[in-house]
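Annotation source TrEMBL lists DNA-binding region at 3-29. Taken from TrEMBL, the feature compositional bias 'Low complexity' covers 241-254, 275-291. The domain 'Homeobox' feature in TrEMBL is assigned to 1-28. TrEMBL lists 31-231 with the feature domain 'TLC'. Annotation source TrEMBL lists region 'Disordered' at 240-291. The transmembrane segment feature in TrEMBL is assigned to 80-99, 106-125, 160-180, 200-223.
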Amino acid sequence: MRLMKQVDLSERQIEYWWRRRRAQDKPTTLVKFCETSWRCIYYTYSFIFGSIVMWDKPWLWDIKQCWYGYPHQSVTNDIWWYYMISMAFYWSLTASQFYDVKRKDFWQMFAHHMITILLMALSWVCNLHRVGSLVLLVHDCADIFLESAKLTKYAQYQKVCDTIFAIFTVVWIVTRLMLYPRIIYSSSVEAPQILPMFPAYYIFNTLLILLLVLHICWTYLIVQIAVKAIKSGQMEGDVRSSSSEEISDSSENSRPVLTNGGTPKKQPSKNGTTAAVAAANSVSASPKKKQ
């Protein structure tokens with residue numbers, strides 16, 4: 001209201017100016033595409049490398065092998081590299097999160113990265129690398145499809161995005177809500193029957209359970225997206241997008257156009273301009289059209 005008096009503009013014109021100004025701080029589609037491409041390449045490499053490393057390990061096929069002979073379990077070179085590269089990646093995610101695209105689940109993701117790093121560090125120090133490597137392998141699989149769905153969304157291949165997102169949803173539920181709880185069951189029920197407990201074990205197991213709680217929260221977000229997609233026929237909306245990002249997207253589609261008399265007139269919204277599709281993670285938006 002003060003600006004209206006100072007610059008002699010209508011309230012609608014001032015609101016439009018503020019929205020355009022906020023939109024200038026948004027990352028471009030190319031920036032988000034490159035950011036997502038990097039993560040997609042890493043998760044693909046990590047899952048393939050982890051599968052090769054873990055294929056001949058007995059604890060991949062029998063989780064109880066994680067506890068037999070503990071703590072006298074040697075670390076092979078391939079497991080060492082798998083751990084070090086994964087930890088370096090999660091440290092980089094923790095640092096870059098403050099500069100990447102902001103989402104509604106910023107603090108959940110930050111907590112996820114910190115819990116993951118603490119889990120890896122604690123499992124390495126306490127020689128629990130066997131169960132730690134299982135957790136890493138289970139988590140990398142679904143992220144490949146998540147990042148791939150984002151890429152196809154940015155490239156405006158909507159049908160491909162929908163297909164990949166459906167695959168991602170299934171893989172997520174199988175790995176994060178079925179296989180991962182099996183690991184927690186082994187660490188919570190089977191491990192105490194095989195070896196004596198120690199203080200660090202309780203911290204380790206608590207962090208595993210906290211990670212599962214985060215997975216349940218993200219599963220709720222994914223289900224929301226899936227329900228909306230079924231109703232609308234395509235992936236629309238992003239439950240992870242920040243409020244400012246949503247405002248700037250919507251304002252670009254309904255921005256006022258000044259007529260000759262200076263009266264703002266609402267411009268009709270254009271189809272196909274969507275925000276980002278999400279998940280934990282989730283699938284991000286297609287680029288808005290330039291006005």
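In case you wondered, yes, glycine gets a Cβ from its N, Cα and C as well.
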Please indicate, using numbers and ranges, the residues of the same chain that are 6 or more beyond the transmembrane segment (80-99) and have a C-beta under 8 Å from a C-beta there. 42, 46, 49-50, 53, 106, 109-110, 113-114, 116-117, 120-121, 124, 129, 132-133, 136
Grab the pLDDT values for the DNA-binding region (3-29) and give me their mean, rounded. 81
